[in-house]
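Since the structure comes first, as structure tokens, the remarks are kept for the end.
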Amino acid sequence: MSTTGRIYAGAAICLAALVAVLMLVGRAGTDAEAWRAVEVLAMEPADGAVLPDQPTTVRIRVAGEPDPGRSHIVVYDADRIRLNVGSAVLDADDGLRQHIAVTRPGQLAVAYHVVTVDGGTVSGIARFTVGSPDAAAPAGSAPAGSAPAGSAPATDDAAHTHGVDPMGAALLALDGLVLLVVVVLLLRRRTRGAA
């Protein structure tokens, strides 16, 4: 077999291995239940609500059982000051509850990311007003996992992490393997040409 034929044969074997690995990783990493979007059933206070009194908790109910270790709820006031007290806890079988400390009237932003025990996720931002409906709006939405300037980071964010994406990790490893094969093929070709 000629050198060119061997290169094509090696490339075909690598391509077949690549397809097999991708099929295996794709089949193992795609559980239909885990990748479905989760629906928010209810939120208290509701998005857009105007409350006469200061709330002490924010509750979110979802279609599924939330995992409090992988989920978070963060509440900010108009000055981007974080109002959370502790971390989110389970509220019945389908909800999370976050205690907050509201100190004055105004508009509040609730950023949430809920992960269910079966891997489904939902995230979003809701806003409600405490006191007058004309209270100042938040200057902008703070990212759900970060503490705004001037506030102390909460301990629940340090514990809130997402694992490595198995599909991304497998593709990265596969890229490295393909690169290694290409380098070996190129080096073998040069050494034969030099001899």
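Every residue gets a Cβ built from N, Cα and C, even glycine.
Feature list (source: TrEMBL):
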- 136-156: compositional bias 'Low complexity' (COMPBIAS)
- 40-130: domain 'CopC' (DOMAIN)
- 136-160: region 'Disordered' (REGION)
- 7-26: transmembrane segment (TRANSMEM)
- 167-187: transmembrane segment (TRANSMEM)
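Note on the domain 'CopC' (40-130): DSSP counts are 0 helix, 54 strand, 37 coil. Listed as Cβ neighbours of the transmembrane segment (7-26) (distance under 8 Å, sequence separation of 6 or more from its ends, same chain) are residues 1, 166-167, 170-171, 174, 178, 181, 185, 189. Model confidence over the domain 'CopC' (40-130) is summarised by a mean pLDDT of 92.
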